[in-house]
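Visitor: First, the structure itself, so that you have it in front of you.
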Amino acid sequence: MSNLIAWIIRAIPFGTIIMFGSMGEITTEKSGNLNLGVPGIMYLGGFAGFASSYFYEKNSADPKGWICVILALVAAIAASMLGGLIFSFLTITLRANQNVTGLALTTFGMGVANFFGVFILNGASYTAAPLAYASFSKKIPFLSSKLGIVSKTVFAYGFLVYAAIIIAVVLHYVLNKTRVGLNLRAVGENPGTADAAGINVTKYKYLATCIGAGLSGIGGLYYVLDYNQGIWATTGQIEALGWLAVALVIFTTWKPLNCIWGAYLFGMLYWLYQFLPSILGIKVASYVTDLIQMVPYVVTIIVLVVVSFRKKKENQPPESLGLSYFREER
């Protein structure tokens, strides 16, 4: 039982990182834009959030935890939305190829974060923002200690874990129950028809891409200031998690609510190699462990194949996904 609890405790924070990235990409793709720059955007968000809280802690005589949280969130969202704005300008206004632009944005985001990160590290392999970590990872009073196993598995995390769930529910409602969401989906399915109906296609694409980038950036922030214990290092895992977030979009068939259980399932599958042998009470060879680590990616491929064969409209990506729209061509 203790191993199972430990497995859940590792899986939920891991799932939260890719949940933010996935929700951001779903928001973007609902507008018809395919942004493969999610890893780079998460890098930008993670670094900007860390840098703002790090310099505040370092230069303030009496730093406050809540100020660290606000500064980090604002900086992370602003930096990642700037990345989304760059992508939008290149692909919507200049009509550049979305696949190439997204991959270039990933390289750009990683390069910028690591370049400026060198100045913060100042020759060290890592540095930390301890107050920011304590603030982001602070648990809910009473609930985190008084409810036994429920406290250990449900209420043992920082506030961004619960914020991710709330955002997924709100995003589902907005996309399916509001005029703004219906207009956005119309833009993603057929921008020409949406334009003819009086919907400002360019505005919706820009807003969806930038807001989606902001959500993805929070995932990078959560990784650095909570999951990674407030540490910025020369070697990080953000890029790999960014690609997992993109894979999760396919796994959840572009539905925000599915991101909740899908992200946690990915987290469970990701840590399967570490906890399965102890739970089953068996020894596993190293090559078997390597194979088990492939499970999340294999599951994604299987889901993609199944979705492709079933051809259900509600499980398909937006019809105009990845295609640039030019009004004069409709």
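Note that Cβ sites are derived from N, Cα and C of the backbone, with glycine treated the same way.
According to TrEMBL:
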TRANSMEM  6-24  transmembrane segment
TRANSMEM  36-55  transmembrane segment
TRANSMEM  67-90  transmembrane segment
TRANSMEM  102-121  transmembrane segment
TRANSMEM  154-175  transmembrane segment
TRANSMEM  206-225  transmembrane segment
TRANSMEM  231-251  transmembrane segment
TRANSMEM  263-285  transmembrane segment
TRANSMEM  291-309  transmembrane segment
Visitor: Any chance the transmembrane segment (231-251) and the transmembrane segment (102-121) are in contact, meaning at least three CB pairs closer than 8 A with a sequence separation of 6+?
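Guide: Yes; at least 3 Cβ pairs under 8 Å.
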Visitor: What stretch in 6-24, 36-55, 263-285 has the biggest tally of Cβ pairs under 8 Å against the transmembrane segment (206-225)?
Guide: 36-55
Visitor: With pairs restricted to those 6 or more apart in sequence, evaluate whether the transmembrane segment (6-24) and the transmembrane segment (67-90) have 3+ C-beta pairs under 8 Å.
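Guide: When sequence-distant Cβ pairs are counted, the transmembrane segment (67-90) does not touch the transmembrane segment (6-24), since fewer than 3 lie under 8 Å.
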Visitor: Check the transmembrane segment (67-90) against each of 36-55, 154-175, 291-309 and return whichever range has the most CB pairs under 8 Å.
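Guide: When the Cβ pairs under 8 Å are tallied, 36-55 comes out ahead.
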Visitor: Please report, as numbers and ranges, the same-chain residues at least 6 past the borders of the transmembrane segment (154-175) whose CB is under 8 Å from any CB of it.
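Guide: For the transmembrane segment (154-175), the far contacts come to 9, 12-13, 16, 19-20, 23, 26-27, 30, 136-140, 143-144, 147, 181, 184-185, 215, 218, 221-222, 226, 255-257, 259-260, 263.
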